[in-house]
Amino acid sequence: MSDNMEFPTKRMRRLRKSPQIRNILRETRLHPSDLIYPMFVSEKLGRGDVEAIDTMPGQFRYSVDDAVSEASRLEDEGLSSVLIFGMPSAKDELASAAHDPHGVVQRTVRRLKEETDLVVMTDVCLCQYTSHGHCGIVVDGEIVNDETLEVLSRIALSHAEAGADVVAPSDMMDGRVAAIRRSLDDAGFQDTLIMSYAVKYASAFYAPFRGAVSSAPAFGDRRSYQMDPANIDEALIEAELDLREGADILMVKPALAYLDVIGKVRERFSVPLAAYNVSGEYSMLKAAIKSGYLTDEAIYESILSIKRAGADLIISHFAPDLLGVI
């Protein structure tokens, strides 16, 4: 190291001496366009019937009307994107309601595209729609992969037909991106993007979400299709496979406990990268803030760390909290 890189010649505190200097030298910045807000829309609710989610303070289940109103309000505050999760009034073993053209997600998407300029993304999965709560078709107690692909393709196509800009398969079945891309292209939806939950771990941090949408599995767990939290090389293989199959955007989920994975995926692939700041990460921060152990500044810092790790887009329940801050 040369002499001019040593103290007292080199003084790093010069770079931090005022808010103005710190601001112009800041390496990582959050912008409202970085944020995607996940919204829960229930077919069982009517206009004005907004349900608080006990496991996720400050989050709600909305009717179609109220979801559109809330999304429009947040758009006025700077939000650019939403990710829609549906909750049907009836479930069955084959997730039939998930690809109903008049289903809750499909109706919400149509309204959002008519009444807002938001980028509308949709979650493509079976778990909220199956009576058993698994993300795939079950045959003799086994989650079967290839039979599930046809259902996923039908769901994604129904979302595209409703006007979704981006479909986001979250099931973790092998080959789902290729199947969905083929289905969309064959139907003339070549311009519909796929944001793949490429690297989705079998995480304990999903627990509040499963309570929010009543999607906990009725038997077993999801470890036969979601990834082992111990693995990182596998994450790179999953990401590459999804890119080869036609994914436009990759996603890592969860985010905060997997910042190293986000960094590795960012380093390897020069494609748009999303990260999901999941329900457990949200709820534990909310609980700590409510108890006085942390301040609201921890929200900004945690989301900033996801951006710094390499994510271009951040799906977060904190989006409304951040719109007035960043």
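Cβ coordinates are placed from backbone N, Cα and C, and glycine is handled just like the others.
Worth saying up front: this structure is predicted, and the values here are computed from it rather than measured.
Features as listed in Swiss-Prot:
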type: ACT_SITE; residues: LYS200; note: active site, schiff-base intermediate with substrate
type: ACT_SITE; residues: LYS253; note: active site, schiff-base intermediate with substrate
type: BINDING; residues: CYS125, CYS127, CYS135; note: Zn(2+) binding site
type: BINDING; residues: ARG210, ARG222; note: 5-aminolevulinate 1 binding site
type: BINDING; residues: GLU238; note: Mg(2+) binding site
type: BINDING; residues: SER279; note: 5-aminolevulinate 2 binding site
Check: CA-CA, which of the recorded positions CYS135, GLU238, LYS253, SER279 lies nearest ARG222 (5-aminolevulinate 1 binding site)?
Finding: CYS135
Notebook entry, point to check: What is the total of other Cβ atoms whose distance to the Cβ of CYS125 (Zn(2+) binding site) is within 10 Å?
Noted result: 28
Next item on the list: Round to a whole number and give the Cα-to-Cα distance in Å for the pair the residue listed as '5-aminolevulinate 2 binding site' and CYS125 (Zn(2+) binding site).
Entry: 17
Item checked: Under 8 Å by Cβ from LYS253 (active site, schiff-base intermediate with substrate), counting only residues of that chain that are 6 or more apart -> SER170, TYR197, VAL199, LYS200, TYR201, SER203, ALA275, TYR276, VAL278
Notebook entry, point to check: Long-range same-chain neighbours of CYS135 (Zn(2+) binding site), Cβ under 8 Å, sequence gap at least 6?
Noted result: CYS125, LEU126, CYS127, ILE143, THR148, SER170, ASP171, MET172, MET173, ARG222, TYR225
Note to self: Check the DSSP secondary structure of LYS200 (active site, schiff-base intermediate with substrate), expressed as helix, strand or coil.
What the structure shows: strand
Notebook entry, point to check: Does anything in the same chain, at least 6 positions from GLU238 (Mg(2+) binding site), have a Cβ under 8 Å from its Cβ, and if so what?
Noted result: ALA198, VAL199, MET227
Checklist line | Lowest local Cβ density (other Cβ within 10 Å) among recorded positions: LYS200, ARG222 | finding: ARG222
